[in-house]
Amino acid sequence: MATENGAVELGIQSLSTDEASKGAASEESLAAEKDPAPPDPEKGPGPSDTKQDPDPSTPKKDANTPAPEKGDVVPAQPSAGGSQGPAGEGGQVEAPAEGSAGKPAALPQQTATAEASEKKPEAEKGPSGHQDPGEPTVGKKVAEGQAAARRGSPAFLHSPSCPAIIASTEKLPAQKPLSEASELIFEGVPATPGPTEPGPAKAEGGVDLLAESQKEAGEKAPGQADQAKVQGDTSRGIEFQAVPSERPRPEVGQALCLPAREEDCFQILDDCPPPPAPFPHRIVELRTGNVSSEFSMNSKEALGGGKFGAVCTCTEKSTGLKLAAKVIKKQTPKDKEMVMLEIEVMNQLNHRNLIQLYAAIETPHEIVLFMEYIEGGELFERIVDEDYHLTEVDTMVFVRQICDGILFMHKMRVLHLDLKPENILCVNTTGHLVKIIDFGLARRYNPNEKLKVNFGTPEFLSPEVVNYDQISDKTDMWSLGVITYMLLSGLSPFLGDDDTETLNNVLSGNWYFDEETFEAVSDEAKDFVSNLIVKEQGARMSAAQCLAHPWLNNLAEKAKRCNRRLKSQILLKKYLMKRRWKKNFIAVSAANRFKKISSSGALMALGV
């Protein structure tokens, strides 16, 4: 609305300042839109037609007309020969200056003042070149078009959780333009085809307000126009969203928008580090005490047993913590020596895939080791369950965790020397998390010193143990290869009718991939096993090399393709029914072994 002193409100210039002409302003504007003929001179002073006056005099500045401030854009005056169409569509409009005599000054159309430029940079031209207060309908549509132009939501993104949508809905502070942001981060979002959103409304005359607004904004802020050009560039199928670095990224939404990550598939398979023990790692020392005063023993809930004693559950009275108690009988001084060695080894093993020691108490007749309680049971007992669907990817998850635990042991210069399926427990009855237990036969390892042992379980013994040769960290890797073979096939590669035949099979390296059983097993899995069950220690893979093997990598991609159930699940069930390792730790006389295997060392099969 134009005031009496000529000031312009809302950035729109009024062409008439006379009080008498205000009443006819709306009628003239509507008539100008419908009929481009020049106004009737009898109605009073008004704008002159450029066709009738092709050589207007130089416009004179009015004292009351505010001069454009620095930074405002003043359009150049078009020449008479360049005028096209009626007034308001490229021609000049003249109006008498209030309080001045002589010929009225020619005012450039749509010349905004500094105040109007700051308030309304998106002001649009109507079809007649001006907006009169008598046209509320057109003004309302212009305001709606300006609001739509400011929103400018991308057309290709429709997911409410997509980070680009989140960014577009969060308006930036008006007092801090985009060009003043300290740093911009462009987030790439795949442009997926979808239904096109309706564009902003158009004003009368078919002028696209959004296009005009972007054009005017580009003239005022070239930097913003360049950024808008980058935003709209979808030539490569990627739309970029400019986001100030001060606002944190919505990482959760981004994970929903992007393709599934590898760890997402791990979560489905419970392939994440097992939960730590319910107590922090501690350095345990053997002490004398009264077990019943500190712990409530539950001997009826047996977890296992062997030659040295039994394992049951217990509860610490002061904290209510449930633990596993390994009771070892002190029959000879060597029994205590072996327990002290086990405590020393476990004090160094602080890893999620290795069982943790809580306390050790000595009584007159026995030693009790209190350890982390693992409720899932043995790995093989778990996978033979009829409700469990075993796939090769499941085996990869199990083997990878075993390799993680072995790698940590070997870094700490510890050899387990009794890796077998019953010494691998599941953390729970539903997931894929496992831990290695039973360090009763573990030994400290120094590569510069020779170490020989003559104990173990025949099926999982390496040739160097059977021959009583020097062992190394590769001795554990042989056992890992046998375990992997059994998980994939359900068969034991060296198992014979008796222990003697089993040990002969180990020494001769007499094993192969059963064609029918391994039909559905990948070549990568076979290669993994073939590089572990090798007679020469130096030719076997280390734990680090196993973790880098292709078979134990790219699990997410393999999980998408793997939907076949392994036959080993059925064969393992038959195997466990035939042979229970818990009751088959047999002490073997060296003299009986020498008769058939021609070995230079004695062999004993011990277990706890």
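Counting begins at 1 with the first residue displayed.
Glycine is no exception: its Cβ is also placed from the backbone N, Cα and C atoms.
Within 10 Å of the C-beta atom of Val311 (ATP binding site) sit 20 other C-beta atoms, taking all shown protein chains into account. Residues or ranges marked as ATP binding site in Swiss-Prot: Leu303, Gly304, Gly305, Gly306, Lys307, Phe308, Gly309, Ala310, Val311, Lys326.
Annotated compositional bias 'Basic and acidic residues' per Swiss-Prot: 31-43 (among others), in sequence order.
What Swiss-Prot records for 50-63 (among others) is compositional bias 'Basic and acidic residues'.
Here Swiss-Prot flags 82-91 as compositional bias 'Gly residues'.
Under the heading compositional bias 'Basic and acidic residues', Swiss-Prot lists 116-127 (among others).
Annotation source Swiss-Prot lists domain 'Protein kinase' at 297-552.
Positions annotated as N-acetylalanine by Swiss-Prot, on the basis of experimental evidence: Ala2.
The annotation phosphoserine is assigned in Swiss-Prot to Ser153 (among others) on the grounds of similarity to another entry.
Residues annotated as phosphoserine in Swiss-Prot, with similarity to another entry given as evidence: Ser159 (among others).
The phosphoserine annotation in Swiss-Prot covers Ser161 (among others).
What Swiss-Prot records for Thr457 is phosphothreonine. In the three-state DSSP classification, Thr457 (phosphothreonine) falls within coil. Of all Cβ atoms in the protein chains displayed, 24 besides its own lie within 10 Å of the Cβ of Thr457 (phosphothreonine).
The annotation region 'Disordered' is assigned in Swiss-Prot to 1-160 (among others).
The region 'Disordered' annotation in Swiss-Prot covers 214-235 (among others).
Residues annotated as region 'Calmodulin-binding' in Swiss-Prot: 586-598. As a whole-number mean, the pLDDT of the region 'Calmodulin-binding' (586-598) in this prediction is 43.
It is Gly305, among the binding-site residues Gly305, Gly309, whose Cβ has the fewest other Cβ atoms within 10 Å in the structure shown. The Cβ of Leu303 (ATP binding site) lies under 8 Å from the Cβ of Val311, Cys312, Thr313, Ala324, each of which sits 6+ residues away along the same chain. In this structure, the CA atom of Gly305 (ATP binding site) is 15 Å away from the CA atom of Thr457 (phosphothreonine). Gly309 (ATP binding site) sits 17 Å from Thr457 (phosphothreonine), taking the Cα positions as reference.
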